[in-house]
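Notes follow once the structure below has been shown.
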Amino acid sequence: MAVYEILKMGDPVLREKAKPVTRFNSNLGRLIDDMFDTMAAARGVGLAAPQIGIGKRVCVVEVGKRRFELVNPEIIEAEGEQCDAEGCLSIPDYTGRVKRFQRVRVKAQDRKGETFIAEGTDLLAVAFQHEIDHLDGILFVDRVENDNPEE
């Protein structure tokens, strides 16, 4: 498997809206496997294809023992609120507090094109939202809450 270089903030690819996947073949499977390897090598919990320079709607998430490959994901239900510190493999050495939904349901496809629903709460919900934001050209720094309400 290959480990890709992760693009850093400032690279224009990170600000582009990724295109839907329409071909479900062995190339997609290899990409997903390589994304899991890249994420693990970087010690992350999620990685979106645009972070490795590929403008497709693909992301991978691993929280605890739960591992997800999300192709063409969309949030179909969300509730609650949480505001916690986030970081990003594309923005090393920076964290900020981000307001996110506490629970989300995501409709996505797997590498074979099969549709499924994934539900996440707490950190898993944050990871889903963070990676789907990447697919829309949004970085977590765009959503950082002001830590000092008097500023």
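Glycine too: its Cβ is placed from the backbone N, Cα and C atoms.
Here is what Swiss-Prot records for this protein:
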ACT_SITE  E131  active site
BINDING   C88, H130, H134  Fe cation binding site
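A Cβ within 8 Å of the Cβ centre of C88, H130, H134, the residues given for Fe cation, is found for these other residues of the same chain: G46, A48, Q51, E86, L89, S90, E131, D133, L139, F140.
The residue listed as 'active site' sits 10 Å from C88 (Fe cation binding site), taking the Cα positions as reference.
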